[in-house]
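J.: The following feature annotations were taken from TrEMBL:
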type	residues	note
DOMAIN	30-248	domain 'Alanine racemase N-terminal'
MOD_RES	44	N6-(pyridoxal phosphate)lysine
REGION	245-270	region 'Disordered'
Ligand SMILES: *Cc1c(COP(=O)(O)O)cnc(C)c1O
């Protein structure tokens, strides 16, 4: 895997994904055509050189799912030099003790994974203390798969969480709902579409209850395996990683030391966490929290 051929591939893969995003957007029914879907390039585990390459190819929104990794990439000198207009999305599990750190991320565009009032309050209070002029954008993460070991608030509790953020958290703005959904690659297209529809249904319920226009509440859903379907049913924000950057295979080279814990939730040193994430990446959503 030589650097230059990898980089060339990224621009090409990015272009292909962008084309498919546009084509899927054009297939949407008329009432869903009010917005241009946003592509978030999920760069987790990938080096800063690849982020810069994608940025140079025109990509602006990037997603990361570990606080330490996002913190380090966003503060990286090269990225700061080359990617002035980068917009970071946090899409991983956020523990309240990591709130101060994530609020230090420059160019933080949105935290997509707010799944409890306690976390919303911690973000609101932390951001408030920083005395910024603008609010911090967040999304509420909803567990649409019904699997108990997934993160996200339950569909039934979503209205309450949205209402709490809107009424009790003046320093943060709720811009949408996010779901990770099922990672089951055996789902056929119809099953996938049905699962994607469940976030649409939650949005309708929330909007009806709180008298919000559905157009004012984004939907973040869809990943490499299903982003085109997600857009067709109304996603406004798709998070695509491996199709752009290549597989995040098992670690090799200078990665986790033998016996490193794969429990990303356990607080180790930052260096350890960085290493652990390499291993736990494609497994952490399956792990019991
Ligand atoms: C890794 C990840 C993605 C991207 O997954 P791909 O299948 O590589 O496109 C999207 N969303 C979340 C929350 C992720 O953790």
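Glycine residues also receive a Cβ, built from the backbone N, Cα and C atoms like all the rest.
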J.: Taking the Cβ of the residue listed as 'N6-(pyridoxal phosphate)lysine' as the centre, how many other Cβ atoms fall within a 10 Å radius?
T.: 21
J.: Would you mind pulling the DSSP three-state label for the residue listed as 'N6-(pyridoxal phosphate)lysine'?
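T.: Where the residue listed as 'N6-(pyridoxal phosphate)lysine' sits, the three-state DSSP reduction gives coil.
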